[in-house]
Each structure stands twice: as structure tokens, then as C-alpha cells.
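Asker: Encoded as C-alpha cells, here's the structure I'll be asking about.
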Amino acid sequence: AAMYSGAAAGPPRRDFISVTLGPEEAVGVGGYNNSKAWRRRSCWRKWKQLSRLQRSVILFLFAFLAVCGVISYTSMGEAWKSITNKSLDDQRTEQEIPRLKLANPAVLPAPQKADANHGDYPELSLQKPPKLPHVRRGPSNLQIKAPQRDMRLKAQHDTMRAVEELVEVNKVEKTEKSIISWRGAVIEPDQSTEPPSNKITEPEKPSSVETEDQKEPVPINERQLAVIEAFRHAWKGYKDFAWGHDELKPLSKSYSEWFGLGLTLIDALDTMWILGLKEEFEEARKWVENDLVFDKNVDVNLFESTIRILGGLLSTYHLSGDSLFLEKAKDIGNRLMPAFKTPSKIPYSDVNIGRGTAHPPRWTSDSTVAEVTSIQLEFRELSRLTGDEKFQKAVDEVMKHVHTLSGKNDGLVPMFINTNSGQFTHLGVYTLGARADSYYEYLLKQWIQGGKKENELLEDYMRAIEGVKKHLLQRSEPKKLTFVGELAHGHFSAKMDHLVCFLPGTLALGAHNGLAADHMKLAETLIETCYQMYAQVETGLSPEIVHFNLHAQKGHKDVEIKPADRHNLLRPETVESLFYMYRFTGDKKYQDWGWEILQNFNRYTRVPTGGYTSINNVQNPSNPEPRDKMESFFLGETLKYMFLLFSDDIDLINLDKYIFNTEAHPLPIWVPA
């Protein structure tokens, strides 16, 4: 024990702690010693004075801080490394990416102004254009010809003069014919068992091509003029009462919002271009340039925004060559990418395009199979145009994953898939209607878009069509109409959605591209059924869903309609298939059926002040009960397919050069350089 200075030593004590002080400290003069040795001894003595609990707590805190420091350092290092690697990868991609060429010139001629003074619908006369020559299937060499020039979109009063002028133009403007060697419709599945490379082309600007030996332009006809008049009437209502908003409510002269992104306007852009409505197109373009903003705190549906907005912008870019639309497409495409950040890579259904977050619906963690497998055409094309492979990679992973899944029934898929597990849910229910329909459509169309190389897509499509034949086809009574029903846990239902009427057109497209001839035969029987879904109804308009009679009953038609299913939403699927069937067969009856449908739209859904409306009751001609809503797809799809159906110009969106997405937006078919 130490003692105070100058004091006698005393007996040792065990109940206190003694501290040794130097002589100067004892008298209070200069008592502070700041040497390192002194500080170490002082700190150690203070440490020893602490209880065992206090020392344990301090040691734990030091250990915790040390661990946190190590973790933070590691995370920052990985982030920096990933940024560096990404930069290097981007440089490599730009150097290594091979170029692809389009199978077609990407720009259609600028639209010519249609006759603004054309009379109202009741004054139009029916004209039957000359029969379309049969379109040869499966060419091994595809001649690429420039889109027809100005005449196609001239009004009726100067049609003959326009034809004469264009004949003179064609004599002056002749260039060498372009021929691209292409496998075309010939199926050669054994030539390539690997899908195309994920490397995406460098961005390309669309360019128009002049060719010699250009055909005489096909003049616009009365039925097409009727479509133009219908479009203008619908557009008038939208412009007057819903400009810049999603959808028109024509009866109340107002609008409804879904995403707040001008859905009707964007959906209609390429329709206006194709119909030759230059003035309306330019006005809409200004809105896109000045008012279309995606930096909004709003949830959008991944599928609907992809097919309507992204698809519409990409299509309009290709038709017009205007880079504004590509820039907008890149913006919305990037904002939709958070949907793919799921454990399974199966995308969520909803994306907040302002916050960059995504989530499933509130009531489930499932997405519908049709929605996650019907965004591929658009994202793949966005990658091709921008050179950024992330878009195609995300959607290709979805298709490859679905290809491997169990739960299919001879190629037929369930309606739901879980975003966490990546597995099908609600097994045992199979339909070609809502929630599954466009999965089958996009199997074929991706295969065509990519140059017919991705054999997994073709295999899945062919297997699915065989599954339809085996499990879902039945014939009705009394007319023995072939229809596509549904299968639920082994029990067949004679229910068919109007949505299923996409199938005849898809089958015909496959047959045109060299698939089995019996696909075309099936298409011909199914399009007859879809027409009867209109013809056997009092208004001549199809309901949303029909049930077919499987047994003959006196006084009963083939088609039965339940009260909950008798609404009509101005849907395009039957007109879409009529367009494909006429293009590939030249049979005039398909044009006549489409003309009947257009007349009935005018008769029962047209609103005098502008616009068309969905109706609640197709069985009541005296009061079809209007719903006061014009869906964006009426302008984006229904009227576009009507106009193309009535055209005898096969180069007006040539189906050997373009593939339509499921919202009727044409995108170019690729071929290797």
C-alpha cells in the first residue's frame, strides 16, 4: 500500500483504496502530470475500479461498433465494385453488340389529310372493292417494297386525280429493288436449337426505302371512308370533353382516369397515322411533347401500360420516324422495370412509375399468366432500338421460366402464377379467355418477331393448339358451330369469352408463316362462330360472354346469353380476326361481316355529341342501356382493324414485315444481318 508524503507508515487496511501522490501534488502545486505513462496508469486504475458488469457492457459496445464498421465497409466496397463493373460492361456491350436489320422499311409515308367534309355515316354508300389476289404462303425470298405513297389516304372527291399524280411520281422515282434473303414461312426447327443471342442491336433510326416497280397505289374506298368518319366522330368527343385524359365518358361529356396518362390519345396515335389524319396526329403529337409526363406518383398496371403506352409509342416511332416517341418509350420502359424485382423474376402486376416501386394486387401475391407473358414483344423491341439488353433479358427470363413449369395440360396453362414461388396457382382451370388468352398469341408472335429461331416458343405454341383441339373444342346445336370452351378440374364448360375471338386470326397468321394447314381450317370454322356471336343477337353486337347449346332444343339458337354477360365494350377481337382472314384468303365475306359490325356500332353505340359508348344490353335494340364509357382500344384497335380489313392494299401494314402487339400496335419483324 502507498502512503501520503511525510506520514508514518500505518497498519495495512483492506476496506479502502489508497492513492499515491507525489510531493508536489500533496501541497497542491503543479500537481498535473501529462506524460503518456502517467495517463496509461491512470486509465488502467480507473478501469480496474469499474465493476465486472460495467466492464462487460463497455466491451460489448466496442465489439458491436467494430462489427458494424466491418459490415459498412464491405457494403460500400461491393457497391463501388458493381458500379465500376457496370461501367465496364456497358463499354463492352457497345463494342460487341451485333447489328440486326429490320425485315421492312420502318417508316410509312406521312399521312395525307382525309376529306374533312365527308358526310355522316347514314349517307355513305356500300362499295365492294375488287377481289384481293390470294396471298402466297411461305415465300423463301421476301421482296421488300416501299409502303404506298400518298394516294391511299386521299379523300373520295379527288381519288382519281391522286391516282394519276402518283403514277407520274412512280415513273420519276425509281430505285433498285431490294431483296432480302429470308427463311420466311418455311419452318426449319432443326437448323437452330439455340435461341437468338441476348446481345441487342445498336439503336437504329427508321428509314424509308424507295423501290422500282412499285405497284399502283390502291385508292381509298367507301368503307374505309366510313371508318375515317367514325374515328373523327369518336375523336371529336374525346377532344371536346376528355382531352389529355384516359377515357371519354360521352354521355356525361366528361372523362374517367385510370393512370392519368392520356391512354386514349396514345392508343390512337398510330391509328391516326394509318388513317391519314394528319391534322389530328400533329395536334396529339404536341400533347405528347408538352404534356405527357411519366414522373407521377401513380400506380399503373404493368401489362396494360406496356401494351397501350409502350407499344403505342414504339409503333408510332416506327411509322413516323419521329424520335420524340422513342424517347418517351424509353422513359416509360425504364419506369416499368421495378416490376421485375421479385424473388422469382415473375413481375408484379402494379408499378408506381414515380416512386420506382412495385407490388402485387392487395388481395393476392399472384399475377395473371396472360399479363406476365404478353409484354415481351414491346420490351424486346425496346432493347433492339436502345441497345440496352436489360429490357429483353427481363421478359425472356419470364418465358424461359414458364416454359419449364409443371401444371400445364397438353400445353394449356393455368390462369395465375405466384410472384414469390414462380409456380402456377389455381391449378386445373384452363381457358383461352380472360387471364390466359394473349399468352398463346405472344408465343407465336415472339417466334415470328425474332426471325423464327426461338424453337421453345414454337414448341409451346404448337403443343398448346393441340391441347385446345383435345380438351376445349366442341360443336354447338343446331348449327354445329365449332367453339372453344373451358375446362375446370376435368369438367367442360360451354362458355366462350369474346376475347377468344383473337384465336382465328392467330391461327391464320401461323398458317401463313408455314405452320400446319389444319390451323387455317380451324381458323375458318372459328371465325364463323365469332361472327354468329354477333349475327344471332338482337342488336347484331356480341356480348362479352356466350354459352353454347350442346344439345338441340326447339326454339333455341346456338348462342345463349346470361344477364350478367350481355354487355358489349366495343371490343376488337372479332374484327381483328376478320382482318387476318381477309388478308390471307381474299374472301369478301369477311369484309361484309366487318361492315355489318361497323353499321351496328353506329346504330347502337354512337353518341350524337361525339364518341361511342359501351352498352349493357345487346339483346335490347330499343334500349341497349349505354354505359357512358369509350374504351381506349376502340380507337387503338377496333377502328384500326376495321380500316385495314376494308383495304385491298396488302402493303398497308404488310404482315410479312410487321407483327401486331395485342393492342394492335404494329412492330417490325427482325431478320439477321
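Note that Cβ sites are derived from N, Cα and C of the backbone, with glycine treated the same way.
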Asker: Considering the candidates Cys68, Cys501, which is the cysteine that TrEMBL reports in a disulfide bond with Cys530?
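Answerer: If we follow TrEMBL, the cysteine bonded to Cys530 turns out to be Cys501.
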Asker: List only the single closest residue to Cys530 (disulfide bond), chosen from the recorded positions Glu304, Asp437, Thr662 by CA-CA distance.
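Answerer: If we rank Glu304, Asp437, Thr662 by Cα distance to Cys530 (disulfide bond), first place goes to Asp437.
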Asker: C-alpha of Thr662 (Ca(2+) binding site) to C-alpha of Glu544 (active site, proton donor): distance in Å?
Answerer: 18
Asker: Of the active-site residues listed here (Glu304, Asp437, Glu544, Glu573), which is spatially closest to Cys501 (disulfide bond) when Cα positions are compared?
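Answerer: Comparing Cα positions, the candidate nearest Cys501 (disulfide bond) turns out to be Glu573.
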Asker: When a 10 Å sphere is centred on the Cβ of Cys501 (disulfide bond), how many other Cβ atoms does it contain?
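Answerer: So the number of other Cβ atoms within 10 Å of Cys501 (disulfide bond) is 29.
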Asker: For the recorded positions Glu304, Asp437, Cys530, Glu544, Glu573, which Cβ has the most other Cβ atoms within 10 Å, all shown protein chains included?
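Answerer: Going through Glu304, Asp437, Cys530, Glu544, Glu573 one by one, the largest Cβ count within 10 Å is at Cys530.
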Asker: Return the member of Glu304, Glu544, Glu573 nearest to Asp437 (active site) in space, with distance defined Cα to Cα and candidates limited to these active-site residues.
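Answerer: The answer is Glu573.
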Asker: Express the distance between the Cα positions of Glu573 (active site) and Glu544 (active site, proton donor) as a whole number of Å.
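Answerer: Distance (Cα to Cα, whole Å): 11 Å.
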